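Undergrad: Please read through the structure below; I'll follow up with questions.
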Amino acid sequence: MKLAKWLLGPLAALGILAGCATSMTDIKGFNMISIEQEKELGNKFAVEIEKQQQPVNDPEVQRYVDKVGKRLLSGARAVEFDYVFKVVKDDSVNAFAIPGGRVYVHTGLLKAADNETELAGVLAHEINHAVARHGTRQMTQEYGYSLVLSLVLGDNPNMLAQLAGQLFGKAGMMSYSREYENQADFLGVETMYKAGYNPNGLTSFFQKLNAMDGGTQSNVARFFSTHPLTSERIQRVQAEIAKLPPQRYLTDETEFKKIKGRLK
Ligand SMILES: [Zn+2]
């Protein structure tokens, strides 16, 4: 009995560690919504979001976010959706992914970022919410399968319009579990590294937001409400980055500066 107890501690610890490592890389978590259904839901949400938040209509800005997004996708674990990246006119610091591989960036976030690597950090985090399909998984948990399915089928247009803005767009109330946030960070670091971006861009941007106003003022509050930036979270990301072998990262910032200039 004594021996068994003595063994249980370390074994349990090993089990927890193994479970943790698996869940961080497991992007195929249980989801009752199919890939095709999620694409359909994303298309419907996008129509509503873009009624509420106006996309920036500048081909150069579009070409640039497409380029950064595409580069990041080369480092993602899976690309099951046709990813779409859009910049929307909104001076608050925010970015969000809706189901089906659609990622939105506010002009306010582009202005707050100091370089392409910081922008890539935020995009890598959002891309991985889509890669691991956190949106449909969380919605199914919160609202139930039948409601999400009714949105997919177009049976509930009022609810669809309401939830699009409430969860992802204007109000941005979608709050992922801590587990999902940690996974998006973990995979975000990996995606950046594989795509040739310095993953420190993610933590440096997080730290900058924290320093700006501690997450209490309106301008960055939305990002904080959907992605709480605790010091524990930042330390966890830094610890992951420290494990990576050194490599040469992208450092050319001429294009980023040009694009930022166009937003003024
Ligand atoms: Zn997040």
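In case you wondered, yes, glycine gets a Cβ from its N, Cα and C as well.
The Zn(2+) binding site feature in TrEMBL is assigned to His125, His129, Glu181, His227. The domain 'Peptidase M48' annotation in TrEMBL covers 61-240. Under the heading signal peptide, TrEMBL lists 1-21.
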Undergrad: Near His129 (Zn(2+) binding site), which residues of its own chain have a C-beta under 8 A away, given they sit six or more steps off in sequence?
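TA: Counting only residues 6 or more apart in sequence, the Cβ neighbours of His129 (Zn(2+) binding site) under 8 Å are Ala97, Gly135, Tyr176, Tyr180, Ala184.
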Undergrad: If you count the C-beta atoms lying within 10 Å of each candidate's C-beta, which of the binding-site residues His125, Glu181 ends up with the smallest number?
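TA: With the binding-site residues His125, Glu181, fewest surrounding Cβ atoms within 10 Å: Glu181.
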